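Encoded as structure tokens, the structure appears first; notes follow it.
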Amino acid sequence: MIGLIITATISVTLIMVLLVVAGTFTWVERRLLGFVQERLGPNRVGPFGSLQWIADTVKILTKEDRPPPGADKFAYILAPAVAATPVLAGFGVIEFGDGLSLAAVDVGVLFLIGMLGLTAYAVVLGAWASHSRFALMGGMRAAAQMLAYEVFLGLSLMGAVMLAGSLSMNAIVEAQRDVWFVVLQPLGAALFCIAGVAAAHRLPFDLPESENDLVAGFMTEYTGMSFGLFFLGEYLAVLLVSALAVTLFFGGWLGPWLPGPIWFGLKTGVIAVVFVWLRATLPRPRYDQLLSFAWKIALPLSLANLLLTGIVVVARSAS
């Protein structure tokens, strides 16, 4: 009973920390976008606008949340929760330090891929439930994008898994004590980051919510906290993909002088800032170009990287 209470307390604490980090990340993103676009960004609430995300949260909580006419109310309400919950669950197996995780799962990588994949179902569910043509088109785009990018997302990280010989997050990090896997797997790391951007539905792969032609895509009919949960799920997905990239390719918590969790946080922050930089600088491609890149370029490269890694691993074990 005491162990259950301790686990529940740690879980709630982790969720609260993640919510604060996600909110702070929205402020960092807006400030960086303002810098790139030569404007100020948030600068009114708190020092340098650092409390703007709290004001936005209060605003969202006080807005009316009403399903549109003709919507499937149960699915409409369920979809935002499905968008945020799997991502929060994914952080439960992330190794923030040596043995510092909520749940030490031997197949942590597989679990995380499954959790990231569930976010696409939330998009499709919300799009279908909204009873809107714009939302439905966004949901169809999300389904096609998920089929394309989830495939090579899994294939791109298999190189690191093969080098470590395990699906355990801890074992993968420990295998990088001599050299980070980004050195041994540069192509795999690049492909994983590209697929991660698509999995999080971030620019330039945010076609399911493209404002130019779909108003707000699958979120067109959402308001209030329902919209906020979709928004939260997206930013948490960015942080989760960044944390997974750090674990797989950038040595996890390993580093000199500083404690492991600090190294992990710094590395994750750098990857997340790269996501923001991509949003600020890259244009949104056409949808056919998005899918063509996935099936015709990224997937063959992922298979080639996997084959080459397999040959190297077999040759190393034979020698």
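Cβ atoms are placed via backbone N, Cα and C, with glycine included.
According to Swiss-Prot, the feature transmembrane segment maps to 1-21, 74-94, 107-127, 147-167, 179-199, 238-258, 262-282, 293-313.
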Do at least three CB pairs under 8 A connect the transmembrane segment (262-282) and the transmembrane segment (147-167), leaving out pairs fewer than 6 apart in sequence? no
Using a Cβ cut-off of under 8 Å, list the residues of the same chain at least 6 residues beyond the transmembrane segment (238-258) that approach it. 18, 21-22, 25, 87, 90-91, 94-98, 100, 109, 112, 115-116, 157, 160, 169, 172-173, 176-177, 180-182, 185, 188-189, 192-193, 196-197, 199-200, 202, 264, 266-269, 271-272, 275
Distal contacts, the transmembrane segment (262-282) - CB-CB under 8 A, six or more residues away: 25, 28-29, 32-33, 36-37, 95-97, 193, 197, 200, 202-204, 238-239, 241-243, 245-246, 250-255
